[in-house]
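Participant: Dropping a structure here in structure tokens format, bear with me for questions.
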Amino acid sequence: MLSFHVSAQISDARKGKKKKKKILFLRAARSGNLDKALDHIKNGIDINTANQNGLNGLHLASKEGHVKMVLELLHAGIELEATTKKGNTALHIAALAGQEKVVAELVNYGANVNAQSHKGFSPLYMAAQENHLEVVKFLLENGANQSLPTEDGFTPLAVALQQGHENVVALLINYGTKGKVRLPALHIAARNDDTRTAAVLLQNDPNPDVLSKTGFTPLHIAAHYENMSVAQLLLNRGANVNFTPKNGITPLHIASRRGNMMMVRLLLDRGAQIDAKTKVGYCARYPFHCCLVCFVLFFNLLLGVQSKNGLSPIHMAAQGDHMECVRQLLQYNAEIDDITLDHLTPLHVAAHCGHHRMAKVLLDKGAKANARALRGLNIYQVSGLTPLHVAAFMGHLNIVKNLLQRGASPNASNVVRNSDSHSIYCTLHCDKRTFDFWSLF
């Protein structure tokens, strides 16, 4: 019996030592400490060892931009296409982080530029989402397929349009005119506001809703660029003002996100659905940047749920801080407290993004200061977040003060059933500082 206990203790000690070596190796890779990493490799560490999220040394080094570390690990035999638990390769992570040199080395080493994660995200999608223009350009030049959709139907062009990344949008569209993903001629005319060419094209092919491989109609393109003449032509020729691709983005969503007032008015006058909802899924992105997809992801991560639907044009306009656009939408009877399936209102969006003037406009128009983002979810029966929780979390003190002045309850329970407003602020800020980027992978 004594011998058994001694053997068990020795086994536990060995396991603990092995685990410590694994942690130290991964830490060296992440910090770019080449000498320490090489020492671990020489001493027989499993070079493909990974943490609980499936991140190995190559993933960690790629995210941080440690080119020499990446090359040494590749030369030492680390698996190039190893994936995290969410299906992301090192190229996904480097593209997401905008690490141009690492992206180039991985591709030159043979990384699959069209690899898709479990949710369908490609490296090009991630780079386009993050507005990493040079990475997008490099990936396109090296065979990236911009027509690959996520499981929710989003293409790189779709997410770039939604995020308002003008240069990335232009690059993807321009590349589509000469690359493997060729844009239909009518889309090109819509981009250039070329009504003469558009009219000729429509005479030969009367379908104004011809789709590009990325899932958009010419009216979507015209709405993005606020090209009024060609938009009017398309609508006059029967273009569907509410055409909805798989991703749920309508021309009105795009115009609202861009703050294109004249286009918004035109689309509404032609019958655009004012409460149309987009489809939004996980976007594998750090959630504290002011973007709509990731705004939803912020709640998903905090509450452990996944949002699938629900951003309306007024949410888009609030995110873009387009106050006149919001006023216009309200004049056309948009619901000021319109909600996503997770009960996120435009005021939640403004509170998250720090748009204090937008928050004031919404409150002046009657937005509910105590609206709940989510109701009792899961086995813990967590409560929903109010705009005050969101503003406090993000550190937007002007909005916090305004909300309190407008009747927001400082005693509203947050997701951890904490009703003390000071604790809300401190707890959430602590979460923000210590949030682990790597949990996204």
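Every residue gets a Cβ built from N, Cα and C, even glycine.
Dumping what TrEMBL says about this protein:
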type	residues	note
REPEAT	53-85	repeat 'ANK'
REPEAT	86-118	repeat 'ANK'
REPEAT	119-151	repeat 'ANK'
REPEAT	152-176	repeat 'ANK'
REPEAT	214-246	repeat 'ANK'
REPEAT	247-279	repeat 'ANK'
REPEAT	309-341	repeat 'ANK'
REPEAT	342-374	repeat 'ANK'
REPEAT	383-415	repeat 'ANK'
Participant: For the repeat 'ANK' (383-415), I need the partner stretch with the highest count of C-beta pairs below 8 angstroms, choosing only from 119-151, 247-279, 309-341, 342-374.
Facilitator: 342-374
Participant: Please give the average pLDDT for the repeat 'ANK' (214-246) in this predicted model.
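Facilitator: Summarising the repeat 'ANK' (214-246) by its mean pLDDT gives 92.
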Participant: For the repeat 'ANK' (119-151), which recorded stretch in the set 214-246, 247-279, 309-341 gives the largest number of Cβ pairs separated by under 8 Å?
Facilitator: 214-246
Participant: Is the repeat 'ANK' (214-246) packed against any residues at least 6 beyond its ends, judged by a Cβ distance under 8 Å, and which are they?
Facilitator: 146-147, 149, 152-153, 155-158, 161, 169, 172-173, 176, 181, 184, 186-187, 189-195, 198-199, 202, 206, 208, 252, 254-255, 258, 260, 262-263, 266-267, 270-273, 276, 279
Participant: So which residues does the repeat 'ANK' (86-118) touch in its own chain, when a touch means Cβ under 8 Å and the partner is 6 or more beyond its ends?
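Facilitator: For the repeat 'ANK' (86-118), the sequence-distant neighbours (Cβ-Cβ under 8 Å, at least 6 residues beyond its ends) are 53-54, 58-59, 61-67, 70-71, 74, 80, 124, 126-127, 129-130, 132, 134-135, 138-139, 142-145, 148, 284-285, 440-441.
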Participant: Other than its close neighbours in sequence, what residues sit by the repeat 'ANK' (53-85), given a CB gap under 8 Å and a spacing of at least six beyond its ends?
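Facilitator: That would be 25-26, 28-32, 34, 37-38, 41, 47, 91, 93-94, 96-97, 99, 101-102, 105-106, 109-112, 115, 117, 437-439, 441.
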Participant: Across the repeat 'ANK' (247-279), what are the DSSP residue counts per state (helix, strand, coil)?
Facilitator: 17 helix, 1 strand, 15 coil
Participant: Just give the helix, strand and coil counts over the repeat 'ANK' (119-151), going by DSSP.
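Facilitator: Residue counts in helix, strand and coil order: 16 helix, 0 strand, 17 coil.
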